[in-house]
Amino acid sequence: MPKKQLITEHRVLQLATFAGKIVLTSGGEVYRVEDIIARIGQHFNLKIDCFATLTCIIVSGKNIDDEVVSLVERISSRSTNLDKIHQVHKLINEIEKYSFSELKKSLEDINKISPYGFGMNFIASALGAASFVVSFKGGPNDFAAAFVAGCGVALFSYIISGLQLNSFFINLISGAICAFVSNLFYVNGIITTPSISIISSLMLLVPGVAFINSIRDIIAGDLVSGTSRAMEVLMIGGAIAIGAGLVTKLFFNFGGF
């Protein structure tokens, strides 16, 4: 018969930090991460103090002997997965129903949730980029140009998904792909202006969730994380602009316009 493991303060810290890490790496706000960690500690009668940034989670608590137990978790990469955030938040709202082992198993299952496959991302990127053409009052040819550009961005994202590349470089190349496809359609006389299809396809890259989260973090009083996230948004926006601008300039210099 297996020996039952004692629920120590350190194990509670590990579990709470694991839950916070899932939310943070999925694009959640810092105040939400700190709240989830504190609520898990409260459920197991441990007062946890937490300090989280975009790259690190620091937690500490006192055991029954009044000794401080602490844990530091480094965050190396982040993405956007709203489903994981929702599942963790739902789990914590019903935390009274779970034992320690059940809560740990549920969090591990949530962490294993895989993002959409290449096929779904490919279709969504193509249709998403093309759909913005309607908002910008473009024509059928602009729709086609944005559709192809969206396909190009999705294909590039899939190719480099296994590489740990800098987000600045990824967004720079993605912006360049959008501009290249649109300008290629333009110089071949398929569209009358490349601007609509360029802007439409670039909308795929706009870090809207990160921008909103930066504002929410600042409003919640997390100035360090909010400012850091805002700077990240500016960096991504700059990379997109540089990539699209360089390609458009090259087309201009070589007689594309």
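Cβ coordinates are placed from backbone N, Cα and C, and glycine is handled just like the others.
As given in TrEMBL:
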DOMAIN    15-250  domain 'Threonine/serine exporter-like N-terminal'
TRANSMEM  113-137  transmembrane segment
TRANSMEM  143-161  transmembrane segment
TRANSMEM  168-187  transmembrane segment
TRANSMEM  193-212  transmembrane segment
TRANSMEM  233-252  transmembrane segment
Can you tell me the mean pLDDT for the domain 'Threonine/serine exporter-like N-terminal' (15-250)? 90
Ranking 143-161, 168-187, 193-212 by Cβ pairs under 8 Å to the transmembrane segment (233-252), which is first? 168-187
Do any residues of this chain, six or more beyond the ends of the transmembrane segment (143-161), have a C-beta under 8 angstroms from a C-beta of it, and if so which? 118, 121-122, 124-130, 132-134, 170, 173-174, 177-178, 180-182, 185, 190-191, 194, 196-198, 200-201, 204-205
